[in-house]
Amino acid sequence: MKKLYLKTHGCQMNEYDSAKMADVLKFSHGLELTEDPAVADVFLLNTCSVREKAQTKVFSELGRWRPFKEKRPHVVIGVGGCVASQEGETILKQAPFVDIVFGPQTLHRLPDLLDSVIQKRKSVVDITFPEIEKFDRLPQPRAEGPSAFVSIMEGCSKYCTFCVVPYTRGEEISRPFDDVIAEVASLCEQGVREITLLGQNVNDYRGLMHDGQVADLALLIHYLAAMDNIERIRFTTSHPSAFSENLIDAYAEEPKLANHLHLPVQSGSDRILAAMKRNYTVLEYKSKIRKLRAVRPDISLSSDFIIGFPGETDADFEATMNLIHDMGFDHSFSFIYSPRPGTPAAQLPDDVPMAVKKERLAILQNRINAKAAEISQSMVGTQQRILVTGPSKKYPDQLSGRTENNRVVNFNGDTPLIGQMVTIKIKEARPYSLWGEIC
């Protein structure tokens, strides 16, 4: 049996895409995943271009793979994802031993691309944006545990000045409503109990229904919540400007919708938000969160922050810290700004000194970590309903799952509990998890 070695950089969308790559190549070529590159026949790198030095990271990884091909010339090396979409033929110029370059929207063509390389021994590049064809050409979904990701849309049409996603994944395209329902139903039949809906701006979802009507994310959630086997629904990532009243109503009406929201704000300064072209103000962001908390008072809120965007002053950063205090974020993905090639912000002077960026990042992360620890400590003594997803990564002799507010809980239990909803009494708050006992 031939082997596939697959490495993934980046977000949950990339994790979802990587799973589909493995599925489509298993279906077409019988490739089995391996964690040992020494025995692999096909190497795939699914890339992300969001963070700094993304291209350098890709070529470093490819450099580590090159000796495997030199030893075993039949090996095929492919590069997919957003860096592939952004760089295209440049990857072949810098790493001529690469055989396949493909974008996020063309992963369904991997079998044909692989056949072409095997037959002609010539590199191929396919980084087009063929609408939503990708989803129509993939095998039936395959569950791996009680929790699953389901991509409901692709791309982004917001064109924030710092972001490469519209250029690497294309503009927003929503999957047809019935296709999403069918995929979730298939996963349910395989034992999935928790669904996380994915999209670059998932709350911009507009799926065509069979009767010609268009469903938004809130309506999709209502339909999924009506499925008996679904216990919990999550979604990520949202854009504040598209966070609608309908979605707030869904939080009020659907208890299966998890008590957690990730809503990236990026900055607490209106001036910086305008420079980022985020299309909302701090007041508008706060207003949406207040409306949400009116129906879900104890909802957990996480966010993204970019530190040191061009022109960010001490006053701008202080405004961000004030927003963090007011909103009570208990988790964040925060990182130092670095220009992404091809974006409007890359034309701006990167004028915030690196030492200042690092200092601000440390201040922000310390504040949010302190709030997270406070919330975790407040959960000690409470009873929490969790979905048991499998053995704990840190404590393999224990089981693990997540709370409504997205915290990892480890506890002693038997393997048959995996895939079940159980109630745990929290006994201890640890730095990155909770520990408890079955009630």
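Glycine too: its Cβ is placed from the backbone N, Cα and C atoms.
Annotated domain 'MTTase N-terminal' per Swiss-Prot: 2-119, in sequence order, evidence recorded as sequence analysis. The [4Fe-4S] cluster 1 binding site annotation in Swiss-Prot covers C11, C48, C82, and the record cites sequence analysis as its basis. Annotation comment: Swiss-Prot describes 142-374 as domain 'Radical SAM core', evidence class sequence analysis. Marked as [4Fe-4S] cluster 2 binding site by Swiss-Prot on the basis of sequence analysis: C156, C160, C163. What Swiss-Prot lists as domain 'TRAM' is 377-439, and the listing cites sequence analysis.
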Nonlocal residues around C48 ([4Fe-4S] cluster 1 binding site), in sequence order (Cβ under 8 Å, 6 or more apart): H9, G10, C11, N14, A54, G81, C82, V83
Around the Cβ of C156 ([4Fe-4S] cluster 2 binding site), the count of other Cβ atoms that are within 10 Å: 23
Helix, strand and coil totals (DSSP H, G, I; E, B; other) for the domain 'MTTase N-terminal' (2-119): 68 helix, 22 strand, 28 coil
[4Fe-4S] cluster 2 site, defined by C156, C160, C163: further same-chain residues with Cβ within 8 Å of the Cβ centre: K158, Y159, F162, V164, V165, P166, Q200
Cβ-centroid neighbourhood (8 Å) of the [4Fe-4S] cluster 1 site, C11, C48, C82 excluded: H9, G10, M13, N14, T47, S49, V50, G81, T168
Fewest other C-beta atoms within 10 angstroms, as judged across C11, C82, C160, C163, which are the binding-site residues: C11
DSSP-assigned states of the domain 'TRAM' (377-439) in counts, ordered helix, strand, coil: 5 helix, 31 strand, 27 coil
